[in-house]
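Visitor: Following this message is one structure expressed as structure tokens.
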Amino acid sequence: MIKIGSHVPFKKPDYLFGAIDISLKNKANTAMIFLGPPQSTMRTQPENYKFEQYVAEFSKQIPPADIVVHAPYILNLANPLKANFSIDFLVKEIEKMNFIGAKFLVLHPGFFTTYTRLEAKNQLVKSLKVILEKTKNVVILLETMAGKGTEMCSSFEEIVEIIDDLNSERIGVCLDTCHVWDAGYDLKNYAEFQQELIKTKIINHIKVIHLNDSANPLGSKKDRHANIDKGFIGLETLQKIVHDPLFDNIPIILETPYVDNKPIYDQEIALLLKK
């Protein structure tokens, strides 16, 4: 089964109820939300989510397990100076996810900044171990990154090493098509890309896909999303991913730019579902 949806706003007054209402109007069967502003740790209390209304009206079409949550961008579990703040915040965020029954938390792994890559990797593993010990049920997904600056996890090998170090079923991967393209993985050579997923064993850990075109050429390390079929990856390749049996039942989430200040996720979902 193809599961496809998009990032949708989670904001007052309707929060979860409003987010899933928008998703269904886009003809989606999965969704991704931030539990507050993406660049902030400000959060409302779960009793404001309108969870009961969501359950009553929408939970059969998009069940809680198909609602993906994205952690805010400002966290850095790989930086020893910021790790404790990020850990404490994510423990509370996962408790909020437990309230609604959401299963997957997408996380930007962080930057190594003034530390060595190895020091940052060790700190990331240490931070994640603490979070896993203090929480339950939710699977934390390390997002594949574009490799800009000192960004962690732009290579499949590095991500798999971290997952192997943690040795937990509650750690997985969110594959972002724009990011892996910008990191140098040629999705347009699709058979070779599939083999790379299998060879590095990252395929065993992919639980969510962010499906975005890229505004930059292969290997640019820029991380600029483009609308579907308006970038360097192209519609044909992105459709292959959507229809690939490798990704059956994996939530595929669009994070493409607005057009004329409005999302066009409904149009892009319809386009991707065509064969």
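Glycine is treated like the rest: Cβ placed from N, Cα and C.
Whatever TrEMBL says is automated annotation, not expert-curated.
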Visitor: Given TrEMBL annotates Glu143, His210, Glu255 as Zn(2+) 2-binding, which of Asp165, Asp176, Asp182, Asp186 belongs to that site as well?
Guide: Asp176
Visitor: According to TrEMBL, Asp223, His225 bind Zn(2+) 3; so which of His108, His179, His243 is the extra one listed there?
Guide: His179
Visitor: Cβ-Cβ under 8 Å from Glu255 (Zn(2+) 2 binding site), same chain, 6 or more residues apart: which ones?
Guide: Ser6, His7, Met32, His210, Asn212, His225
Visitor: Write out the long-range same-chain contacts of Asp223 (Zn(2+) 3 binding site), meaning residues 6 or more apart in sequence whose Cβ is under 8 Å from its Cβ.
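Guide: Once residues fewer than 6 apart are set aside, Asp223 (Zn(2+) 3 binding site) is near Met145, Ala146, Lys148, Cys178, His179, Asp182.
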Visitor: Can you give me the Cα-Cα distance between His108 (Zn(2+) 1 binding site) and Asp176 (Zn(2+) 2 binding site) in Å, rounded to a whole number?
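Guide: Distance between the two Cα atoms comes out at 11 Å.
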Visitor: Highest CB neighbour count within 10 A among the binding-site residues His70, His179?
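Guide: Highest number of other Cβ atoms within 10 Å: His179.
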Visitor: Return the residue, from the listed binding-site residues Glu143, Asp176, with the maximum count of other C-beta atoms within 10 angstroms of its C-beta.
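Guide: Within the set of binding-site residues, the most crowded position is Asp176.
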